[in-house]
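Pulled from Swiss-Prot:
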type	residues	note
REGION	1-23	region 'Disordered'
REGION	51-75	region 'Disordered'
COMPBIAS	61-75	compositional bias 'Basic and acidic residues'
DOMAIN	435-517	domain 'RRM'
Amino acid sequence: MSKSRRLFLSMQGDDDFWGNGDRLEEKKLPSIKQEKSKVMDDEDLEDRYYFKQNKLGRQQSESRHENEENKVSQEEKWNLRVPLEESILIKKEEPVPEMEESETIIASEEEQLLETSPSVDTNEEFYNNYRNYFQRRPEVIFLIRSMDENAVENYDKEFIDLYEKTRKSLEVCPNPELNQILRCECSSNTSTANSDNRLPNNHAVVVSNFREPDRRLGRYSKYYYHHNVGPEVYSRKVFVGGLPGCVKESDILNFFSRYGRLQVDWPSKHFGCKSDSDPSVCGDATSSFQQTSHLAMSSPPFGQINPFMSDHSTTSSETQNFGMNRNGNGGGVITHGMVRMMNAARNAGFGGGEPRSVGGESSEEKKQHHLGYVFLLFEKERSVRELVSDCFEEEEGLFITLESSIEPIRVQIRPWLLADAEFLMDFNVPINTKLVAFIGGVPRPLKAVELAHFFEQTYGNVVCVGIDIDNKFKYPRGSGRVAFSNYDAYVQAITDRYIVLDHEDIHKRVEIKPYFFHNQSCEECSSRYNRQYAPFFCPSLECFQYYCEPCWHKMHSHPSRFHHMPVVKGI
């Protein structure tokens, strides 16, 4: 693997960032072409040998048919040479003509059978051989499976690979007899099957690396599962949508706790954070007054390092916080007044009790009500796999029936596969770190292969696409990266700055900026033995390079470059 690809795949600073990503064995193009050519040559030899055998069989059957016709003609001539005396004697006798008529009828029937039977036998042998030959051919298997009503379930990886292999072999070494037979027999059936199974797509892109689409839209992308051949590994964070307002957090916990320990979270649940869908926003520093979680004091609130700790850690942390002075120095002694303050705070709703109000429902409970969707934070990845196995699949996605206290409710489950966080369009194209664009505002359900499909259609020359995921749950942050192989395509994307991402039911404007890499050296003053750290990057086409602080001021002191704005990490 080249240095640029390693840098691109490890830019998050987490070793397990890419999940089961780039694990395929790298092979060189000449070796792959040689193997393909050998396989195709073997297949061509088999086809030629088979057709030669068929020609020999036809010649033998024709020679037999000619010999039998000659025998029949000789017998007819011999019958015509019968003397006239025998014919006169036969006419005189009355019962004899009936017998002769029956004999002549039988003889004519036997002759007809002799004429037809060899041809029928030879044809049956020929067609039986042909059927046996074509039943094992992969292209005929493809046609049979495409005409089947349950063809959607048969689109697996082995089948698609087999189809691609045979299609390429037919394109490189065409066989006119085979193609003519396939067109004559299956043209009508394949047209009807394709009209039913393959719907038109307005966003189709003709790319050699895109495989046959997988029609299971619930779990996978509409493009075939592209690069990961290992086991499916899910994020421990699962989106649950379609929740009515009558469903409470306790109902959600009671239902989903059968799969394992979990927490329920949604944006604005904890007012100390902007959004809990991105754990990096919260950080490790939480507010001094945190609201209770659903585990009833068995785990601290969302955002801490280990959300599944015991109650002793929370109480000890609370006592330490109350034992600290304003300056941050520990007093070391917990007085009786401090204990009463702790109990009062807990009863007020900051520790473990529910907030009380005179009117029944308090304002804090209103703030903590979900917005029609929640996030399930499971302790183990196995729980997510069990949840996915219990869901039923439809065209819109995965669904499960939530058994609440009021009535059963159909809710949507949206898991995230770690392999969907990156997509390499071509393993043989090197990645230029200067041609990587940052994509902000990416919808979280969007997969890397779908983002690559969109940018390939819009700008072209896409090499690699990555979705930014958090380090804790491996869930999408809402941003991504696109690496281009062409400078013009990259410049066009950067100059557009904003573009509307229109993909199926997603319609959102995303932002495109140059991606800033850490630990880059100044390209103006750094040499082989003197590396100067470059915290600035100039995206203008006049500069388009990394600068250290002195070089930035030096190169942008000219009035023509005053308007250049630097790109800094985190801004």
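A Cβ is built for glycine as well, from the same backbone N, Cα and C atoms used for every other residue.
Values in this document were obtained by computation on a predicted structure and should not be read as measured data.
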Kindly report the helix/strand/coil residue split of the domain 'RRM' (435-517) according to DSSP, in that order. 22 helix, 37 strand, 24 coil
Per DSSP, what is the residue count of the region 'Disordered' (51-75) in each of helix, strand and coil? 25 helix, 0 strand, 0 coil
Averaged pLDDT score, the domain 'RRM' (435-517): 89
